[in-house]
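Asker: To start, I am sharing the structure in question, which I have written as structure tokens.
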Amino acid sequence: MGKNKLEKFADMASYPHVFEYPYSAVDNVPFDMKGKWHKEFFKNDNPIVLELGCGRGEYTVGLGRMFPDKNFIAVDIKGARMWTGATESLQAGMKNVAFLRTNIEIIDRFFAEGEVSEIWLTFSDPQMKKATKRLTSTYFMERYRKFLVSNGIIHLKTDSNFMFTYTKYMIEENGLPVEFITEDLYHSDLVDDILGIKTYYEQQWLDRGLSIKYIKFLLPQEGELREPDIEIELDSYRSYNRSKRSGLQTSK
């Protein structure tokens, strides 16, 4: 029989590679590991890669297995979901994987300048009603700049046409370098082992016949960032709390 939420929370609290710092816990108290992830936790100088909004954490675990020469930190606020990947990585004895339970809105409180090399955004909520909540908005790009190396890599993998289109316009508006972009990942020439890792939710999107979009771009440290001023057609489907809850057809 599977564990209930309380049992999973108890497990998470005991795991040595899990850090739980929701907004209230770090509101006025500095995070001890900030600037010390390499030295005190991973005990190496390998690049640190974040997965923001990791859900169950399968992508982070998959990347950690593929790249033992990189360090991976999965971030989400839902502890019961993260338990899956946290448990799997612990049982596998993976030393290059950690989990951080916190609100992504305060992600810059956990990492020092230049401490992170890459960010993965895997199937993030497109937040169609409010741009500042989108993980590819300039609001979040400015936060990422506080800890990402200059020209650090950002990967967006999404089922949402709205999120893909918005991100594409944001990149164009700010002249950010794009290394690869496709509207249909699994019918492109970039299907490799990394992008072939499929999470629980991704498989459900594929089973419904939705194409998976992917953008890999760089975020320079310099330059003022501007939001794109354009109307984008909203996603029409409903699933996993991603719904078009108003009569609007487009949004900025």
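Numbering starts at 1 and runs along the chain as it is shown here.
Every residue, even glycine, has its Cβ placed from backbone N, Cα and C.
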Asker: Since Swiss-Prot lists Glu51, Asn103, Asp125 for S-adenosyl-L-methionine, which candidate among Asp32, Asp69, Asp76 does it give for that site as well?
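Answerer: Among Asp32, Asp69, Asp76, only Asp76 appears alongside Glu51, Asn103, Asp125 as S-adenosyl-L-methionine-binding in Swiss-Prot.
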Asker: Considering all pairs of residues in Glu51, Asp76, Asn103, Asp125, annotated in the record as contacting S-adenosyl-L-methionine, what is the maximal C-alpha distance expressed in whole angstrom?
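Answerer: That value is 14 Å for the farthest Cα pair.
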Asker: Fewest other C-beta atoms within 10 angstroms of its own C-beta: which of the binding-site residues Glu51, Asp125, Glu202 fits that?
Answerer: Asp125
Asker: With a radius of 8 angstroms around the mean position of the C-beta atoms of Glu51, Asp76, Asn103, Asp125, what other residues of the same chain does the S-adenosyl-L-methionine site pick up?
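Answerer: These residues sit around the S-adenosyl-L-methionine site: Leu52, Gly53, Cys54, Gly55, Val75, Ile77, Lys78, Ile104, Ser124, Leu135.
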Asker: Can you tell me the CA-to-CA distance separating Asp125 (S-adenosyl-L-methionine binding site) and Asp159 (substrate binding site), as a whole number of Å?
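Answerer: Asp159 (substrate binding site) has its Cα 10 Å from the Cα of Asp125 (S-adenosyl-L-methionine binding site).
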Asker: Would you mind pulling the DSSP three-state label for Glu51 (S-adenosyl-L-methionine binding site)?
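Answerer: Strand, per DSSP.
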